[in-house]
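J.: Sharing a structure here in structure tokens format.
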Amino acid sequence: MSSDEEDFNDIYGDDKPTTTEEVKKEEEQNKAGSGTSQLDQLAALQALSSSLNKLNNPNSNNSSSNNSNQDTSSSKQDGTANDKEGSNEDTKNEKKQESATSANANANASSAGPSGLPWEQLQQTMSQFQQPSSQSPPQQQVTQTKEERSKADLSKESCKMFIGGLNWDTTEDNLREYFGKYGTVTDLKIMKDPATGRSRGFGFLSFEKPSSVDEVVKTQHILDGKVIDPKRAIPRDEQDKTGKIFVGGIGPDVRPKEFEEFFSQWGTIIDAQLMLDKDTGQSRGFGFVTYDSADAVDRVCQNKFIDFKDRKIEIKRAEPRHMQQKSSNNGGNNGGNNMNRRGGNFGNQGDFNQMYQNPMMGGYNPMMNPQAMTDYYQKMQEYYQQMQKQTGMDYTQMYQQQMQQMAMMMPGFAMPPNAMTLNQPQQDSNATQGSPAPSDSDNNKSNDVQTIGNTSNTDSGSPPLNLPNGPKGPSQYNDDHNSGYGYNRDRGDRDRNDRDRDYNHRSGGNHRRNGRGGRGGYNRRNNGYHPYNR
């Protein structure tokens with residue numbers, strides 16, 4: 001590198017890099033837009049101002065640079081011819097560059113404002129500052145609108161309060177006098193029963209300033225010997241936006257103020273109510289906290305148990321009463337809907353409850369299809385047959401009424417064949433097991449349905465049922481003896497045998513008077529003794 005080039009770089013070397021850096025910085029700032037932070041923008045502005053100051057300095061040094069160029073050109077003339085030609089070409093190029101640089105500097109100086117900065121660059125810089133500010137507010141507005149929608153707006157009734165737990169004898173004058181020490185009471189009303197005119201135990205109160213409401217909710221209040229419960233009045237259209245939790249397991253030494261301060265870390269509290277004993281003034285172990293949004297409730301309910309003053313307290317969501325009623329009703333309806341999804345339709349919820357309150361169903365849950373209904377009817381028949389065998393009573397009429405009721409409850413399902421007859425399933429089961437068909441004589445001796453006066457007999461081919469003995473009819477000695485079962489030594493049978501012996505004794509006496517009786521009608525085989533037949 002020649003000395004001329006070194007001198008040129010020393011004088012004008014910072015000009016080109018500076019201008020290129022300016023263009024690059026401006027392009028980067030235009031591309032970055034809202035993505036650059038304010039700190040980066042300030043740094044870019046400082047760099048821009050410093051570069052502009054450097055641009056102004058070459059204008060003042062143009063004369064000195066021209067003189068130096070003339071000196072260098074004169075020194076070059078002392079060399080060889082080749083050197084002169086090369087130096088002349090270099091000087092020509094340098095002059096061209098110098099003229100272009102000076103023209104740019106003059107243009108910048110002419111376009112500079114009062115402060116010495118170019119208007120175009122100032123406008124670009126200002127636009128860079130304005131773009132983030134113009135874009136950031138919409139994002140902030142979106143987040144703010146979301147929060148405003150999720151939070152309850154209490155500004156409509158910020159001066160109104162709900163007063164609960166009032167004494168029956170508390171009047172509006174007493175209530176106004178008590179709360180008048182917290183501020184000017186503008187409106188007050190105690191709700192009364194329209195029929196009796198007696199107080200319903202709660203009312204509403206309005207102050208002139210919201211600060212009075214803030215003072216009231218900080219402390220506990222006792223009026224006419226009873227602890228009252230003043231709360232902020234929440235508009236009906238804002239109640240769904242609020243969230244309430246139940247807190248249990250609170251220590252007896254916890255005070256209302258520290259209770260509220262502890263739960264304020266999860267959100268803005270509308271009302272914090274720690275239940276206190278009116279006699280001792282200590283905590284009763286539970287309380288309620290109302291937040292201005294449901295998001296705060298979600299945050300505090302992430303853990304079921306929280307440490308508070310060296311104790312584990314329990315956190316639950318507190319639902320309003322009308323929501324609890326809806327959930328209970330939905331639970332009952334879901335039960336009916338589940339049965340409907342299985343293929344059946346009970347018509348309404350009342351029929352569903354009526355069917356499951358029937359003791360004959362015994363927890364049996366039928367599937368609503370023909371095969372399941374057939375199995376259900378068969379199960380009902382077996383149940384009534386078992387009851388007949390245990391009690392000795394005829395349940396045919398009761399069974400038919402039950403079947404008719406089931407037919408009315410489910411009109412869409414046809415009754416299976418022989419559903420109204422009680423004895424048919426048992427006979428069919430005997431036939432399928434291979435037992436012989438009963439004859440007329442067997443039916444006279446023992447039927448499947450036991451009635452009063454007949455003794456139940458079991459077939460030797462089938463295992464006997466382990467059922468309790470029911471009431472028995474009069475003994476038939478001859479039938480028992482012929483069938484091989486022997487004598488029945490039951491006490492009830494002995495009492496019946498005594499009556500039978502009395503009858504036989506009288507009949508035997510009549511035969512003796514006719515000359516054909518034996519021993520006065522007394523039958524030794526009866527093995528009994530009657531006191532009136534001596």
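Each residue, glycine too, has its Cβ placed from N, Cα and C.
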J.: Do you know which of SER429, SER460, SER507 is annotated phosphoserine by Swiss-Prot?
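T.: Swiss-Prot records phosphoserine at SER460.
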J.: Which of the listed residues, SER68, SER87, has Swiss-Prot annotated as phosphoserine?
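T.: My reading of Swiss-Prot gives SER87.
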J.: Of the residues ARG494, ARG501, ARG519, give the one that Swiss-Prot describes as omega-N-methylarginine.
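T.: That would be ARG519, per the omega-N-methylarginine annotation in Swiss-Prot.
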J.: Secondary structure at SER206 (phosphoserine) (DSSP, helix/strand/coil)?
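T.: Its secondary structure by DSSP: strand.
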J.: Taking all residues of the domain 'RRM 1' (159-241) together, what is their mean pLDDT?
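T.: Taking every residue in the domain 'RRM 1' (159-241) and averaging pLDDT yields 87.
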J.: Can you count the other CB atoms that lie within 10 A of the CB of SER206 (phosphoserine)?
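T.: Counting Cβ neighbours of SER206 (phosphoserine) within 10 Å gives 18.
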J.: Just counting, how many other CB atoms are there within 10 A of the CB of SER51 (phosphoserine)?
T.: 17
J.: Could you tell me the C-alpha distance between SER206 (phosphoserine) and SER51 (phosphoserine) in angstrom, no decimals?
T.: 66
